[in-house]
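Annotated in TrEMBL:
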- 15-29: compositional bias 'Polar residues' (COMPBIAS)
- 50-59: compositional bias 'Acidic residues' (COMPBIAS)
- 101-273: domain 'Yip1' (DOMAIN)
- 14-62: region 'Disordered' (REGION)
- 120-141: transmembrane segment (TRANSMEM)
- 161-185: transmembrane segment (TRANSMEM)
- 197-222: transmembrane segment (TRANSMEM)
- 228-250: transmembrane segment (TRANSMEM)
- 257-281: transmembrane segment (TRANSMEM)
Amino acid sequence: MAAVDDLQFEEFGNAATSLTANPDATTVNIEDPGETPKHQPGSPRGSGREEDDELLGNDDSDKTELLAGQKKSSPFWTFEYYQTFFDVDTYQVFDRIKGSLLPIPGKNFVRLYIRSNPDLYGPFWICATLVFAIAISGNLSNFLIHLGEKTYHYVPEFRKVSIAATIIYAYAWLVPLALWGFLMWRNSKVMNIVSYSFLEIVCVYGYSLFIYIPTAILWIIPQKAVRWILVMIALGISGSLLTMTFWPAVREDNRRVALATIVTIVLLHMLLSVGCLAYFFDAPEMDHLPTTTATPNQTVAAAKSS
């Protein structure tokens, strides 16, 4: 058993002195928390490269694609397969909506917002909200235009909801499907074309329709000039987003094919916006026209004249 003197504590003032006295002693060096560790000099990264990656949206894109490829995909008949398309938080949805409202030249919407986690949650609810916004605003617009007329009786037109749903969801799904098939076909003909998946194209089209939600609400204003100004603003914002997103996918193709593709995308988008405005807000209503009723005196006079 060790003696009592061997268990006494000793105070060591300096590690160097202790090592001199006892060379076999082990010392531990604890740095002062207040001291900042000195960084090792490293090779500075060029700021120009960072700016290019940030501008083009290429930063960490390769890492994102690799991580996306490592995810285990469930069979398409399972609920887990479709659950991944709605696995998105509120911050990501708001960030993508903000990006669709403020398209900046030189920044790719797919690479910046969509490619890391494409979703169907945002496009689905944007289309659903737009359907009800168009149908309800169209009914209110018709009511406000004929408000005060004694011969007008307001009747809610619920058929506008089903018509708007058919138009919006058909556009948000069939046009991306056709565009995706066309890009796949051209990708087999021409190499080095930027490729987008079908889900990414659906996301772009879905978020591009968000601008029409406040526009449809403002279409209640019974002034045709105001309505056409609003539709031109919405068409300019959403059309710019589609043009800047899909131009990199076709610019390496034949010049005529690339221009024809972009023009077709913009024309279909214009047809949707102008068609919704003309059908749901500017369509002539014939039910409110006053009906002429013959008075008894007019009936007697007509009988005598005959």
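Cβ from N, Cα, C; glycine included.
When Cβ-Cβ distances under 8 Å to the transmembrane segment (228-250) are tallied for each of 120-141, 161-185, 197-222, 257-281, the top count falls to 257-281. Sequence-distant neighbours of the transmembrane segment (197-222) (same chain, 6+ residues past either end, Cβ-Cβ under 8 Å): 85, 96-97, 99-101, 109-110, 114-115, 118-120, 122-124, 126-127, 129-130, 133-134, 137-138, 140-141, 144-145, 168, 171-173, 175-177, 179-180, 230-231, 233-234, 237-238, 241-242, 245-246, 269, 273, 276-277, 281. The list of residues near the transmembrane segment (257-281) in space but at least 6 beyond its ends in sequence, with Cβ under 8 angstroms from a Cβ of it, reads 134-135, 137-138, 141, 160, 163-164, 167, 171, 175, 179, 182, 186, 208, 212, 216, 219, 227-228, 231, 234-235, 238-239, 242-243, 246-247, 250-251.
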